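To keep things clear, I will list the structure first and then write my remarks on it.
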Amino acid sequence: MTTRYIFVTGGVVSSLGKGIAAASLAAILEARGLNVTIMKLDPYINVDPGTMSPTQHGEVFVTEDGAETDLDLGHYERFIRTKMNRRNNFTTGRIYEEVLRKERRGDYLGATIQVIPHITNAIKEKVLAGGEGHDVAIVEIGGTVGDIESLPFLESIRQLGVELGRDRTLFMHLTLVPFLGAAGEVKTKPTQHSVKELRSIGIAPDVLVCRGDRAIPANEKAKISLFCNVEERAVISLKDVDSIYKIPALLRSQGLDDLVVKRFGLECREADLSEWENVIYQEANPNGEVVIGMVGKYIELPDAYKSVNEALKHAGLKNRVSVTIKYIDSQTVEAKGEEVLQGLDGILVPGGFGERGVEGKILAAKFARENNLPYFGICLGMQVALIEFARNVAGMADAHSTEFNKETPFPVVGLITEWIDEEGNVEQRHEASDLGGTMRLGAQLCHLLDGSKAAQAYKGNSCVERHRHRYEVNNKYRERLEQAGMIFSGLSSDRKLVEMIELKDHPWFVAGQFHPEFTSTPRDGHPLFEGFIAAASAHQKRDLK
């Protein structure tokens, strides 16, 4: 199979939405029957985002094969059916790590290792390998043109453009076209300078996607075309919209997919965007609203919970309600108590690391349990629910996780001492182990208890979900917790590890050790999130009565 490559760059400012634009184009091409994948090349020196602060970088998206990746891969999976893997995201740090490892082994036969050709060759190899088996591979280059960190990646795709030829490569550049209120017009000069910068390193864009708060007038498109040496039909206006799921139709209406297909000489059907039209209709026509309190510790940056936010919205679509997320700092719960949890239709406690704010999450679980409020715990959200239950129901007053209190008399949650690395090797973990790459990661089979809410949600006796954690429920206390009324509704493939818990005599109190948000999509939703929002809606209706 001959793979075609679309390289996506960004200029003027960061956060223009390259990932959303790339994913939206991929969605249109997929709707035309093409097999599409998307890659993200990140210029930072970290080997992967696994140890980066969520408040700086946003969430870490985990792929099925256990790679810790950029949150943009979450966008990719929500827009197209192709599942991402570790070949879809790599960083400057990973490239340098692999090149230096080869140098230490002597693979380069004593050559002087340089950015060109050794680093650029390694990047090109990754890009070509990631595109294998697909009709089209869209490659997003992180950062902004002009950043020193991005230069090796830009040089690599420049070389690929020459080596593969125009019939297999296309360069798409996102820029900002701001509107100046004082002048009463949009300004194209930033775009002109951005394209000039890109051309100075040898890349001539074939398509310009112009971001702004409004559509670009035809005369300004003609001006951009003239000064940037791009066909006028290849100047695409991408205005702000109230839903990112409208963007595929917006790009389709301007013929971007036709331009790509013609450029690559591909024969394929017209795009069928009916599934996306249905998503947009559901989003615009809810029959009600629910308020979900998300009790977390990284709430100053909503992108830290990007997939959870989107999964809640998807569940709202399936239940025909709009979901309003109320972000609640878990430390605020510690300081003010239950008053900050009033007026909610459900509580969700997402994952997290470290002791800060954990008691606030435990209080949130207690409030939901005692007030029959729908509760959904994810990863740490399951662990705090179990700790709360152990303390206040099962008679273990000082129960805790050894992550937060190594001297607790009731360590109901403890460190996993054995794990499997990305190469499939069994490794031993201890307190001094590295933080990076030492977690239980990726898709794992989970057996579900017959008759449980989990089994009802999944409509079956098993599921496969993605994990990212290094602490588990301590089996020593399982029997005591079960006797107190806790249901262990999900177990690992070998039935040795607890994956899900529920509570008897509660409308909907469900928690999982895994991260179901990573597999939720706007077209398909996710059964656990759907069940949670359905329970929140039912709780609201009971309150109204």
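Glycine residues also receive a Cβ, built from the backbone N, Cα and C atoms like all the rest.
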Which of Asp65, Asp70, Asp72 belongs with Ser15, Leu16, Gly17, Lys18, Gly19, Ile20, Lys239, Asp240, Val241 in the ATP site listed by Swiss-Prot:
Asp72
Can you find which of Lys221, Lys223, Lys246 Swiss-Prot lists as binding UTP at the same site as Ser14, Lys187, Thr188, Lys189, Pro190, Thr191, Gln192?
Lys223
Per Swiss-Prot, member of Glu310, Glu403, Glu407 binding L-glutamine alongside Gly352, Leu380, Gly381, Met382, Gln383, Arg470
Glu403
Output, ordered by sequence, the same-chain residues six or more apart from Glu517 (active site) with a CB under 8 Å from its CB, or 'none'.
Ser307, Val308, Glu310, Ala311, Pro350, Ile378, His526, Phe529
Can you tell me the mean pLDDT for the domain 'Glutamine amidotransferase type-1' (291-542)?
91
Return the maximum Cα to Cα distance in Å (whole number) over the record's ATP-binding residues: Ser15, Leu16, Gly17, Lys18, Gly19, Ile20, Asp72, Lys239, Asp240, Val241.
20
May I ask you to report the DSSP-based helix, strand or coil state of Glu140 (Mg(2+) binding site)?
strand
Among the binding-site residues Ser15, Thr191, Gln192, point out the residue whose Cβ has the most other Cβ atoms within 10 Å, with all shown protein chains included in the count.
Thr191
